[in-house]
Amino acid sequence: MGLVFLGPPGSGKGTISKIISNEFKYHHISTGDLFRENILNSTTLGKEIKKIVEKGELVPDQITIKIVKDKIKAIKKNDNFILDGFPRNICQAEALDKFLPNVKIINFLINEELVIKRLSGRRICKSCNNIFNIYTLATKKNGICDVCKGDLYQREDDKEECLKTRLKEYKLQTKPLIEFYSKCSRLNNVDASVEIDEIKKKIIKIMLKKN
């Protein structure tokens, strides 16, 4: 089974993806993780992606589609998977339908103010990559990781002005996509402002529902 998680940055897609992946043995394919992996490894695409995200812009379709397709090809044929953050527009959706038809589409709904608060407070450990939040998951010592004592940092694209740019572009690009899936009755909306356990229950219900 394939699941597609749609929603703005900070809507909880990544957190829920990891929970579902661990409990139900799904592969979690996150475009954000794939981008960061390429940036970290300084691949040709990674260098290009880094310049784009630091400006608060969305990565072009041709790059995103290639990275996602390559990842899916590396997965066993009958394994379950979650696509987190892909597709993001009609072009990507059409590409997805060509090589992965009949996936279930789940859209995470959340207001912009809550997204900005969640992401502007996010801090990441430079050493072990654990994620904390100064508002919801603060460390015992300011700026220091609770796990490995490494230094924490804030991603450039998590700063408020950059977030506003990202959210504006997200809305412009994904509105037609949401309408596209709504018209063909494939869209399952989930309130992402509630507690994680509540979101999880709703996702499982959708997973069990027949197409």
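Including glycine, each Cβ sits where the backbone N, Cα and C put it.
Record features (Swiss-Prot):
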- Gly10, Ser11, Gly12, Lys13, Gly14, Thr15, Arg122, Ile131, Phe132, Val194: ATP binding site (BINDING)
- 30-59: region 'NMP' (REGION)
- Thr31, Arg36, Glu57, Leu58, Val59, Gly85, Phe86, Pro87, Arg88, Gln92, Arg155, Arg166: AMP binding site (BINDING)
- 121-158: region 'LID' (REGION)
- Cys125, Cys128, Cys145, Cys148: Zn(2+) binding site (BINDING)
*Starting from the Cα of Cys125 (Zn(2+) binding site), work out which of the binding-site residues (Gly12, Gly14, Thr31, Phe86, Arg88, Phe132) are within 10 Å.*
Phe132
*Under 8 Å Cβ to Cβ from Arg122 (ATP binding site), same chain, six or more residues apart: give me those in sequence order, or none if nothing qualifies.*
Ile131, Phe132, Asn133, Gln154, Arg155, Asp158
*Indicate whether Thr31 (AMP binding site) is helix, strand or coil by DSSP.*
helix
*Set of same-chain residues at least 6 away whose C-beta sits under 8 angstroms from Gly12 (ATP binding site)*: Phe108, Ile110, Ala192, Ile196, Ile199
*Nearest to Phe86 (AMP binding site) by Cα distance: which of the binding-site residues Gly14, Cys128, Cys145, Cys148 is it?*
Gly14
_When distances run from the Cα of Gly14 (ATP binding site) to each of the binding-site residues Thr31, Glu57, Arg88, Cys145, the nearest one_ = Thr31
*asked:* Counting only residues 6+ away in sequence within the same chain, which have a CB under 8 Å from the CB of Arg88 (AMP binding site)?
replied: Leu6, Thr31, Leu58, Thr64, Tyr170, Gln173, Thr174, Leu177
